[in-house]
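One structure is given below, encoded as structure tokens.
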């Protein structure tokens, strides 16, 4: 038992003396004095509200809401400017470049060869109408028992490239591929009328030949009129109408034969 007490005394033995205790008490007292002096200094400092802006104080005083149920005064609502982004976005058809009014004006310009063309509208790369007219031409040829979709799109692509090169050589400002494709596609509408008539009766005769020549002249005259107005090529309409007549003559051959 004595050995256990000796071991216990050795384990908890320390160098702590009464002098250290007194020093601790003195330091504790000094800390209290220091805290007291700090409290006196903080008591002399002005309140935090003196440095707060008047807007914050006004908002804190005017708040009358409950927990999870805040309320806003009319003065705070007047500072909020909310703009609906969805209302400012353009329509989907405008983003896709589809304008039905311009499509209708171009169609009326093609259907009436005597009507003057608006160069600002015709100088747009609108391919909605040309795609519809190409599909309509292929569909009417299909109703007549002629599967010529590949010929229609192939000759359209080659004709657009050839007319683009020719118009860039003849005009000073030049023209884009989209504008050429748009004009030639819109002027394909009379050819759709010819292919629709081929569904009702045969065009392999004198009447069919005369009707085909009339449609070729109609298409080429409308296309040349639009090109001259869009590219400011006055006096050169006949020069442009000749290659256009050759292109539309190929479509007429597909329709008649």
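In case you wondered, yes, glycine gets a Cβ from its N, Cα and C as well.
Taken from TrEMBL, the feature compositional bias 'Polar residues' covers 27-44.
According to TrEMBL, the domain 'Yip1' annotation covers 112-253.
Annotated region 'Disordered' per TrEMBL: 23-51, in sequence order.
The feature transmembrane segment is assigned by TrEMBL to 127-144 (among others).
Remote same-chain partners of the transmembrane segment (150-167), defined as residues 6 or more beyond its termini with a Cβ less than 8 Å from a stretch Cβ, comprise 134, 137-138, 141, 174-177, 180-181, 184-185, 188, 227, 231, 240, 243-244, 247, 250-251, 254. Annotated transmembrane segment per TrEMBL: 150-167 (among others), in sequence order.
Annotation source TrEMBL lists transmembrane segment at 179-201 (among others).
TrEMBL lists 207-227 (among others) with the feature transmembrane segment. Within its own chain, the transmembrane segment (207-227) has Cβ neighbours under 8 Å at 109-110, 113, 116-117, 122, 167, 175, 183-184, 186-188, 190-191, 193-194, 197-198, 233, 237-238, 240-242, 244-245, 247-249, 252, 255-256, counting only residues six or more beyond its boundaries.
For 239-256 (among others), the entry in TrEMBL reads transmembrane segment.
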